[in-house]
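Taken verbatim from TrEMBL:
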DOMAIN    1-482  domain 'Major facilitator superfamily (MFS) profile'
TRANSMEM  44-62  transmembrane segment
TRANSMEM  74-92  transmembrane segment
TRANSMEM  98-118  transmembrane segment
TRANSMEM  130-150  transmembrane segment
TRANSMEM  162-181  transmembrane segment
TRANSMEM  236-260  transmembrane segment
TRANSMEM  272-294  transmembrane segment
TRANSMEM  314-335  transmembrane segment
TRANSMEM  341-363  transmembrane segment
TRANSMEM  375-397  transmembrane segment
TRANSMEM  409-431  transmembrane segment
REGION    446-482  region 'Disordered'
COMPBIAS  460-482  compositional bias 'Basic and acidic residues'
Amino acid sequence: MAKKALVIFFMSFSTLVVVMYSTSYTSGIPGMMASFGIRTKTPVILGITTYMCGLAIGSLLLAPLSEMYGRRPVYLTSVAAFTILVLPSAMANNLAQILVMRFFGAIAGAAMISNAPGTVSDISREDYRALAFSIWSLGPMNGPVIGPVISGFVFQALGWRWTNWVVMIGSGTSWFMVFMVKETYAPAILRAKSAKKRKETSDPRYYSRYDDKKSFWPLLKENLYRPFSMAFNEPICIFWDVYIALVYGVLYLCFVSYPIVFGELRGWSPGLVGLGYIGIGVGGVLVIASEPLIRRMINSHKKDPETGKPYPEAMVSVVVIAAVCVPVGEMIFAWTCTPNVHWVFPILAGVPFGAGNCGVFIYASNYLVHSYGIYAASALAGNAVLRSAMGGALPLAGPQMYKTLGPHWSATMLSLIEFAMIPIPVIFYLYGHKIREKSTLIRQMKEDRERLENKKKRAAEKADRSRAGDGAADLEKQNMDV
């Protein structure tokens, strides 16, 4: 148990470093503008955009590699590459170098985002899996918040280049962590065991059913086609991808708006601006710490008679509450963010905002997983691409939006958009079972499952008849002997 907990911690920390680098960059923007003679923020904010695009592309490219070679080789190679690719950003002579290297660094680091959940699933029993994922998610959920908190003081004391060096130190540490983690992917373990037996005994009969590995290109084609096909053809994916992407985009817009509100309007130092994100982090931690209570709430819903587990819509009950928290927090922030209101109120506004974000990400993702079963990875991959694209694009509009509309109405507009999106989780909570019934893919999965069950049933009946026939023959033989 202790070893498993340590592995989950290693995975959480390593993912935290990758996600943290997406936002730690923002604290050093004033320093980069001064060093490279850039007058407007928008070109520098492109560093967030290129990084988020790299995470989206990397998740699709690197996910098939774990199926071919196992998780450990992918971790060791990608984390090493990520660590090395931070170096050019720290030593860059112009902005273009930073934008390009952040893109490629994100592709390498995306392995932690796409494969770490698989490792957590590999080592967790089903009854503890939800708790294991909640503990692991402390890293990726709080990475965007921890980034500015640390890098704000680092930039203030040592300059913008050190915001990269700190990430490089953290990434180097995470490489040693993943080095200590043994392979957890069952097919890779069985392939290694059969290969070892063949080598030791020189007997080619030692063979596992996973020895026939799929080649990279068919796996990549499948990884690229199915997520986008589901994202644009499956009604469930369409609505949830749009909703989650919007929530994620507004979260990343905060990493542009907070420096404006706390830095430019209130005159705070970069380090103190970073502390402004603590409210968002506290909200996320509260949701994760409440996992046992939330699980009890989910389990109180009606059970599926086939599986004995709650229907997927039980997950949406949490999302409905979270969907209200997000715009409420944003609206409180909108009308408390100016200097005439005490600074504690906009920071406290981050608590419901952060809790709502965390609740949406975790439990909306769980809804997709429970709805799509064996195709869950494709549903989540398509969601990750659109979410990352929105998280990279929306911050570009931040400076101009806050300049044109002002802090009050900029945040109010975002809050009203989020309020307008609340019907999506509400409709899925009330009518999700009917929407799932109309999904072509889910119907196909159900038909395949029924065919498999009928096949097993026929095989069992055939075996019973065979045993009955053998028993009758034995009885007849005994009678003849008598």
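In case you wondered, yes, glycine gets a Cβ from its N, Cα and C as well.
Automatic prediction, not curation, is the source of TrEMBL annotations.
When the stretches 162-181, 272-294, 409-431 are ranked by Cβ pairs under 8 Å to the transmembrane segment (130-150), first place goes to 272-294. Outside the transmembrane segment (409-431) by six or more residues, the chain places 236, 239-240, 242-243, 246-247, 250, 253, 257, 313, 316-317, 319-320, 323-324, 326-328, 330-331, 333-335, 337, 364, 367, 401-402 with a CB less than 8 A from a CB of the stretch.
For the transmembrane segment (44-62), the neighbouring stretch richest in Cβ pairs under 8 Å, chosen from 74-92, 98-118, 236-260, 272-294, 314-335, is 98-118.
Within the chain, the transmembrane segment (74-92) has long-range Cβ neighbours (under 8 A, six or more residues past its boundaries) at 14, 18, 21, 62, 65-66, 98, 101-102, 104-105, 108-112, 115, 161-162, 164-165, 167-168, 171-172, 174-175, 178-179, 181.
Contact between the transmembrane segment (341-363) and the transmembrane segment (236-260) is supported by 3 or more Cβ pairs under 8 Å, counting only residues 6 or more apart in sequence. Packing against the transmembrane segment (236-260) from elsewhere in the chain are residues 22-23, 26-27, 29, 41, 45, 48, 52, 144, 147-148, 230, 270, 273, 276-277, 280, 326, 330, 353, 356-357, 360-361, 364-365, 367-368, 371-372, 379, 382-383, 386-395, 397-399, 402, 407, 410-411, 414, 417-418, 421, 424-425, 428, 432, 435-436, 439: each is 6 or more residues past its ends and has a CB under 8 Å from a CB in it. Sequence-distant contacts of the transmembrane segment (98-118) (same chain, six or more residues past either end, CB-CB distance under 8 Å): 11-12, 14-15, 17-19, 21-22, 25, 32, 46-47, 50-63, 65-66, 71, 74-75, 78-79, 81-82, 85-86, 88-89, 92, 133, 136, 140, 171, 184-185, 381, 384.
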